[in-house]
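Notes follow once the structure below has been shown.
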């Protein structure tokens, strides 16, 4: 691993103000001087910087690539650089390591966890599998490496329906960990032998149906972009089914799907039900459209732990490096590859 010269005056000046609290690293502004230094340090380290769609705007703007976790992991695997700096939560950096086992993968703050990934443990999945011998395990990519290793096929929010539909209809399916995405898959496929784990993303689960209905009534001409992890996804379909909102303007989309739809929408206003960091990319994609959050408090504290200070520290110190046990990585890689073989993985979340 590259070790940078800590005698650099500007590096010393910027890092001198870094603070470390349980909420993350602080003390550094994401200004133009910081951005220029991040780019310089990344070049010196031979690193490419990847940022998830839910990251702070300053982090997204300085990154070499912005996207969802699976798309970024593919970029990591194909990038010529030997070091990957993944600005996202921990399971995302693990996935990048799984697909790029010979590269150095860094995450600016290893404390950046995920409530959804943490909602099922390997032991819980093993016990669930024991209750349903012979069942096929389908896991959302928003899971830890250890859970992926116990999984038959991974899926994304874009291809979850296709993955489940590809499985023998007579075999039971265990879908984890997101209950709202699982409910969406069950609704679309009509599959009765699909068992859904009761996990959730605390941010998406907090975007509720009442808020969505209120916003839809207040903005009757808007389109709705709703992430399938949201607790309000069923409410969105109910509004359309009852005629309270035109069905053609209700779209259940992954983050990648939202970006694609932003480029083609004819709506002047779009209500967005997902983590608020997504608004930055949507507004860049279609600046003439008024994108508004259904819930402007839907901010992931873990995503926001990747601060300007954390990224600076990461590039100066080469920390925090992500390690995945080779055996777990090999098993997890197989479940991801099976998903890709089925096709249409689209957006990771």
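Every residue gets a Cβ built from N, Cα and C, even glycine.
On a predicted model such as this, the values are computed, not experimentally measured, just so you know.
A coil conformation is recorded for residue 142 (iminosuccinate binding site) in the three-state DSSP classification, outside any helix or strand. In the structure as shown, the Cβ atom of residue 142 (iminosuccinate binding site) sits within 10 Å of 29 other Cβ atoms. Residues or ranges marked as iminosuccinate binding site in Swiss-Prot: 52, 69, 140, 141, 142, 157, 227, 228, 229, 255.
Sequence-distant neighbours of residue 201 ([4Fe-4S] cluster binding site) (same chain, six or more apart, CB under 8 Å from its CB) are 114, 115, 116, 142, 178, 229, listed in sequence order. For the recorded site, residue 201 ([4Fe-4S] cluster binding site), the DSSP three-state label reads coil. Here Swiss-Prot flags 114, 201, 300 as [4Fe-4S] cluster binding site.
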Cβ-Cβ under 8 Å from residue 300 ([4Fe-4S] cluster binding site), same chain, 6 or more residues apart: which ones?
54, 89, 203, 275, 277
Check each residue in the chain of residue 52 (iminosuccinate binding site) that is at least six apart in sequence and keep those whose C-beta is under 8 Å from its C-beta; list them in sequence order.
66, 67, 68, 69, 72, 87, 88, 89, 92, 277, 303
Return the count of C-beta atoms lying within 10 angstroms of the C-beta of residue 229 (iminosuccinate binding site), excluding that atom itself.
26
For residue 140 (iminosuccinate binding site): intrachain residues, at least 6 apart, with Cβ closer than 8 Å:
116, 154, 155, 156, 157, 160, 176, 177, 178, 181
Helix, strand or coil: which one is residue 300 ([4Fe-4S] cluster binding site) in, per DSSP?
coil
